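Annotated features in TrEMBL:
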{"type": "COMPBIAS", "residues": "1-10", "note": "compositional bias 'Basic and acidic residues'"}
{"type": "REGION", "residues": "1-118", "note": "region 'Disordered'"}
{"type": "COMPBIAS", "residues": "15-26", "note": "compositional bias 'Low complexity'"}
{"type": "COMPBIAS", "residues": "52-89", "note": "compositional bias 'Acidic residues'"}
{"type": "COMPBIAS", "residues": "90-106", "note": "compositional bias 'Polar residues'"}
{"type": "DOMAIN", "residues": "269-406", "note": "domain 'UTP25 NTP hydrolase-like'"}
{"type": "DOMAIN", "residues": "454-515", "note": "domain 'UTP25 NTP hydrolase-like'"}
{"type": "DOMAIN", "residues": "525-709", "note": "domain 'UTP25 C-terminal'"}
Amino acid sequence: PFRDSGKDKPAQICELSENSEQSSSESDVESDSEPTSVYHKLLATLKTVPDSDNEEDDDDSEEESDKDDTEMSSEEIKDEGETEDEENDNSGAVQESGNEASPQKNSQEEPESLNTSTDLKNEVADEFTDVQHEAEFSLETNFIEEESGDARADPKEGHSSVEVMKDPFKCHLDENLEEKEIDKILARSKTTSQVKWPALGQLIFSSTLERFGTIKPVKDIDLKQLHLHKPLVSTWPKVNSLFLSVQPKLKDQLFTPLQKELFCIMNSYKDLFYSERTALKNGEEVRHVYCLHVLNHVLKANAQVLGNNAKRRDQKPGTDDDCFRDQGLTRPKVLVVVPFRESALRVVHILIGLLESASQKKIDVSNKKRFKGEFGSDPEEKPPNLKRPEDYEAVFAGNIDDHFRIEKEGYQVCHSFLSRATGDVEKLFGSEAAQNDFLLCSIQLIPFLYESLHLINHLNQLPLESHGVDFSRVRMFSLNNWSKYYRQTLLFSALQDPQINSIFNKHCYNYRGQVAVRNAPLTGSISHVVVQLPHVFRKLEAENSVSVIDARFHFFIDKVLPEYRDAVMSHTLIYVPSYFDYVRLRNYFKKEELNFTHVCEYTSKSSISRARHFFLKGNKQFLIFTERFHFYKRYSIRGIRNLIFYELPTYPHFYSEVCNMMKLAGSEEESALTCTVLYSKYDAQKLASVVGVERAAQMLQSSKNVHLFVTGETE
């Protein structure tokens with residue numbers, strides 16, 4: 001990794017991009033043993049066409065620069081909920097790279113070269129300072145009049161140096177890692193410890209660096225200890241009052257017990273996996289606290305840039321100070337991933353509330369009406385009069401379109417207040433070149449998990465172009481391509497799942513470590529089954545988690561399906577969580593010419609109606625039924641007499657919901673009802689959620705492969 005040292009003159013920065021190999025004898029020796037650094041590669045992108053080119057090219061470049069400068073004046077925020085990625089709109093004028101070519105070309109005359117290089121440094125500083133419009137980008141002068149001040153003033157003024165040094169934001173980003181520590185992080189040699197907190201319960205702390213171990217919960221909240229940015233100290237109590245007013249004992253508090261402990265972990269900049277977020281209970285409570293952390297991070301980053309801009313303007317020309325590294329290679333700081341348009345709308349509303357609650361005037365948000373119209377729901381549009389569970393109504397409230405993005409060409413809703421308030425870009429959906437400081441994912445649907453893995457794998461990549469960045473302001477860990485070790489990842493889910501655990505354990509490299517909430521279920525969803533029903537759990541053997549897919553298929557067609565081929569075993573519903581397993585079973589049933597029908601999330605309404613009718617009347621013996629169909633539709637399937645869980649449900653409460661559908665078959669037929677469940681040792685978490693952790697442990701350790709449970713009232 002490149003270490004920036006020994007820069008005596010600003011002109012040497014330009015020489016690196018042209019002749020990185022022609023340096024002193026000492027650097028030649030080093031270049032023989034070490035490969036070209038990432039820093040040199042990025043500087044090489046600053047090369048421009050020499051002045052010998054025709055004037056038409058120069059005119060084109062000036063037009064492009066003017067266009068880019070216009071685009072730079074308005075920041076961009078995107079929201080996206082599916083798999084589409086879009087290239088980042090990184091701010092910073094392209095014109096800067098053209099200006100740097102001038103001293104390189106005229107280096108034949110030393111006085112002119114020196115003067116031009118000095119002008120270059122001033123132009124770079126002006127490019128990132130924008131003295132004329134800087135006040136418009138300052139939160140203090142636009143929104144908080146009672147706390148307003150000069151935008152050029154150091155935002156740290158009024159705080160002791162000890163308090164500033166203890167700020168988690170500054171401590172996290174100012175940490176200088178060594179190569180041996182990076183190697184240790186990649187080796188995944190973690191030390192873990194288990195701690196119980198009052199509200200969150202059992203926490204698993206894991207870290208590769210010993211100095212970043214466990215943290216203790218905060219008993220009494222002190223605003224100074226939280227290190228919130230100025231406006232959030234006054235706006236947060238108002239925005240969060242909805243949850244505090246419900247409980248009288250929390251009226252004088254800033255956080256609910258859950259929010260207090262979550263923010264304590266978030267503010268420590270450790271990775272967090274919270275697997276108990278539900279839309280029905282604590283969904284909005286969690287959303288508010290992570291929006292506070294997001295905005296606090298962005299405001300601090302902006303304040304640091306403004307303060308360093310003022311210090312650089314007051315600095316004497318020709319001096320070189322390496323303490324102003326406060327930026328990344330691109331402008332985005334935070335990536336928020338949400339599943340629906342309604343979720344994105346709520347996030348934006350919370351961010352607006354946190355910025356304008358303490359201000360007497362409303363924030364000017366362009367195209368706000370259009371944004372609400374397209375991301376909100378029509379109040380006149382009444383939902384269908386269908387009976388659905390409460391959790392379904394909570395998850396699918398509002399606009400549930402999951403194919404969206406907020407683009408600069410169509411909207412200026414989010415960039416308007418965020419650019420003026422922070423001078424930075426808040427992108428709610430990133431692309432391959434995103435150099436995000438931390439990533440926040442709100443995972444509510446398992447199908448959305450695969451898109452999240454794709455996003456994480458494409459974060460913190462080196463951009464293909466420099467985009468006019470001032471490398472003297474870029475942090476060294478960004479130049480070393482170490483950004484992923486400084487990224488904080490927050491995962492919120494409604495369940496514990498092996499695939500989510502894999503993302504958290506194998507794709508999060510935060511040097512400060514990880515925190516996972518691990519509360520074992522005691523009872524299980526089987527206790528909510530009201531139908532008198534025998535549940536037969538059959539264990540299958542598999543060598544590893546990959547071979548279990550084929551092992552389950554062959555176990556089903558060889559040992560389970562033959563028992564249901566008889567005409568007596570009609571009205572058999574096969575519950576399949578995975579769509580790939582569903583396609584495999586459907587093709588097998590067609591090949592064997594079995595009397596069956598099938599429904600999935602892609603089946604048309606007419607086909608669904610026919611399948612349900614044929615199954616109820618007994619015209620079709622089997623009905624193959626996907627979990628995604630049940631998640632999105634929640635239809636009640638009538639006529640089920642025999643139930644087969646090809647695999648344990650992803651959501652535990654789906655088990656009891658599907659089993660209770662058998663009550664619709666009629667009480668006189670309950671004595672003939674059956675339920676068969678297939679599981680393996682790799683389904684330990686799902687099994688514990690259904691039967692309870694103690695019973696699951698006994699079933700997995702037992703030498704028997706068949707276990708029986710009976711539910712329902714008996715006389």
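Just so it is clear, glycine is given a Cβ too, placed from its N, Cα and C backbone atoms.
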Model confidence over the domain 'UTP25 NTP hydrolase-like' (269-406) (mean pLDDT, whole number): 83
Tally of DSSP helical, extended and coil residues in the domain 'UTP25 NTP hydrolase-like' (454-515): 23 helix, 8 strand, 31 coil
The domain 'UTP25 NTP hydrolase-like' (269-406), counted residue by residue under DSSP: helix, strand, coil: 65 helix, 9 strand, 64 coil
